[in-house]
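According to Swiss-Prot:
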- 35-61: disulfide bond (DISULFID)
- 44-65: disulfide bond (DISULFID)
- 48-60: disulfide bond (DISULFID)
- 54-69: disulfide bond (DISULFID)
- 79-109: disulfide bond (DISULFID)
- 92-113: disulfide bond (DISULFID)
- 96-108: disulfide bond (DISULFID)
- 102-118: disulfide bond (DISULFID)
- 28-69: domain 'WAP 1' (DOMAIN)
- 72-122: domain 'WAP 2' (DOMAIN)
- 1-26: signal peptide (SIGNAL)
C-alpha cells in the first residue's frame with residue numbers, strides 16, 4: 001500500500017475514534033446549597049456528573065452509588081448575632097453569596113460592616 005494511502009487510512013481511523021468519544025461535560029460553577037441526606041431505597045444510576053448537568057437550582061448529589069439532581073438544603077445552624085459596636089476585624093468585603101461557597105460547615109452570614117463572610121454557625 002502506498003504511503004499516502006496509509007497516512008489517509010491512519011487519519012481516518014483517528015478521526016473515527018475522536019468522533020466516537022463521548023463529549024466532555026463542562027465543570028460549570030457549583031450551585032448553592034448542600035445536598036440532602038441519603039435515601040436508602042435507590043437504584044445505582046448516574047443522572048449527573050456535575051451541577052452543570054442539573055436544571056435550574058438543582059444540585060448534582062452523591063447518594064451512595066447514585067448521583068442525582070436534587071433540590072439542595074442550606075447548611076445546618078444559624079448565623080451568629082453580630083455586635084454592631086464591635087464589628088469583625090479584617091477586610092470589609094463580600095466573601096460569599098450562599099452557604100455552599102463556604103468550606104466545611106461554615107455559613108455565609110452578615111459580618112457587621114454590611115458585607116457577608118464565611119463564619120462558624122450557632123447550633
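Residue numbering: from 1, along the chain as shown.
Cβ coordinates come from backbone N, Cα and C, glycine included.
Keep in mind that what you see is a predicted model, and the values were worked out from it rather than measured.
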Cα within 10 Å of residue 109 (disulfide bond) - qualifying disulfide-bonded residues among 48, 69, 118: 118
Where residue 92 (disulfide bond) falls in three-state DSSP terms: coil
DSSP-derived helix, strand and coil totals, residue by residue, for the domain 'WAP 2' (72-122): 3 helix, 11 strand, 37 coil
Residue 61 (disulfide bond): secondary structure state under DSSP, collapsed to three categories: strand
Those residues of the chain, 6+ apart, with a Cβ under 8 Å from that of residue 60 (disulfide bond): 47, 48, 49, 50, 51, 53, 54, 67, 68, 69
Secondary structure content, the domain 'WAP 1' (28-69) (per DSSP, counts of residues): 3 helix, 11 strand, 28 coil
Number of Cβ atoms other than its own within 10 Å, given for residue 69 (disulfide bond): 17
Candidate disulfide-bonded residues 79, 102, 108, pick with smallest Cα gap to residue 65 (disulfide bond): 102
Under 8 Å by Cβ from residue 44 (disulfide bond), counting only residues of that chain that are 6 or more apart: 64, 65, 66
Inter-residue Cα distance where the pair is residue 96 (disulfide bond) and residue 118 (disulfide bond), in Å: 7
Cα-proximity to residue 102 (disulfide bond), 10 Å cut-off, over disulfide-bonded residues 61, 79, 92, 108, 113: 108
